[in-house]
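What TrEMBL says about this one:
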- 2-113: domain 'SLC41A/MgtE integral membrane' (DOMAIN)
- 193-336: domain 'SLC41A/MgtE integral membrane' (DOMAIN)
- 21-42: transmembrane segment (TRANSMEM)
- 54-81: transmembrane segment (TRANSMEM)
- 93-113: transmembrane segment (TRANSMEM)
- 125-145: transmembrane segment (TRANSMEM)
- 157-177: transmembrane segment (TRANSMEM)
- 249-267: transmembrane segment (TRANSMEM)
- 279-299: transmembrane segment (TRANSMEM)
- 319-344: transmembrane segment (TRANSMEM)
Amino acid sequence: ANIGQMDTPKELWKMITGNMALIQVQATVVGFLASIAAVVFGWIPDGHFSIDHAVLLCASSVATAFIASLVLGMIMIGVIIGSRKMGINPDNVATPIAASLGDLITLALLSGISWGLYKELESKAYVNPLVCAFFIALLPIWIIIAKKNAATREVLYSGWEPVIIAMAISSVGGLILDRTVSDPNFAGMAVFTPVINGVGGNLVAVQASRISTYLHMSGMPGESPDTAPRKCPSPCSTFFSSDVNSRSARVLFLLVVPGHLVFLYTISSMQGGHTTLTLIFIVFYMTAALLQVLILLYIADWMVHWMWGRDLDPDNFSIPYLTALGDLIGTGLLALSFHVLWLIGDRDSDVGD
């Protein structure tokens, strides 16, 4: 959108159909792989395997991924076209809306679909495998449509690595969360995890999109010698230089504290955290959040430039890695904060209610 590749109706329609088909392929495949990973992670510690439950999980996961991607894709198209018409940079609004609505829509769909399919498990056992087969059977149609578009054809072949690795990285964060909240002393962590991960992922996605657009303005990936990748950028150049991307990094970093204070106040007023918001808790929580965003913005500066120098489009490759790392780092730092708070004696009587 920013470099004028969606200005005519023909270009716009071509971009929409190609990308919508591509995300349906990725959603179906990754939804299927995620269900397999979930089955394995559940089977290994429990030592119990149920084929009915595995198929139920597969059907729920694939259907949720497909429908959520379809809905989000249509929302994103509307947001980007609307932003362009209103003179707003889509980089500043598209990725946060995608990231925040992604969690909300996906969780709502997953709970609703899995509950509905679970009810059919006893009386109509064929429904779950039928749902799986239906969405997998649609794959060839989406692949054919995506292959016809030059922009999405490349990603169809080369775009699997970041999405699958990102899924694996996020799964590690999920295991950390699962292990931590299973201890009644740390059950209060559950409500804060989506907040710290969501804010960190949103902010770094905005920065990655802005750097990528800045690089695209000067040509195609790998073409511009003046935008060669920095092997190891210094923190000073990332956060304190006069460069436009450094200024946006400072602004995004400064949004962390007021943003989290709003969320903490909301959680406290809704009594949803099972953790009293003491001063020492807020200090530890904010330290974890600031450290997470600091690390992510630094990694984004290096990763986007490195990918650009490797002839890879950062829009397709960097954001899955960065948001997954946001999940892992955020969950890890939050778990560490809860453990340290417990060790130093900040223990709530209502934790784990």
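Keep in mind that glycine also has a Cβ here, set from the backbone N, Cα and C atoms.
The transmembrane segment (21-42) makes no contact with the transmembrane segment (93-113): fewer than 3 of their CB pairs lie within 8 A, with pairs spaced 6 or more apart in sequence. Sequence-distant neighbours of the transmembrane segment (125-145) (same chain, 6+ residues past either end, Cβ-Cβ under 8 Å): 17-18, 21-22, 24-25, 28-29, 32, 52, 55-56, 58-59, 62-63, 66, 117, 156. Counting residue by residue with DSSP, the domain 'SLC41A/MgtE integral membrane' (193-336) contains 111 helix, 0 strand, 33 coil.
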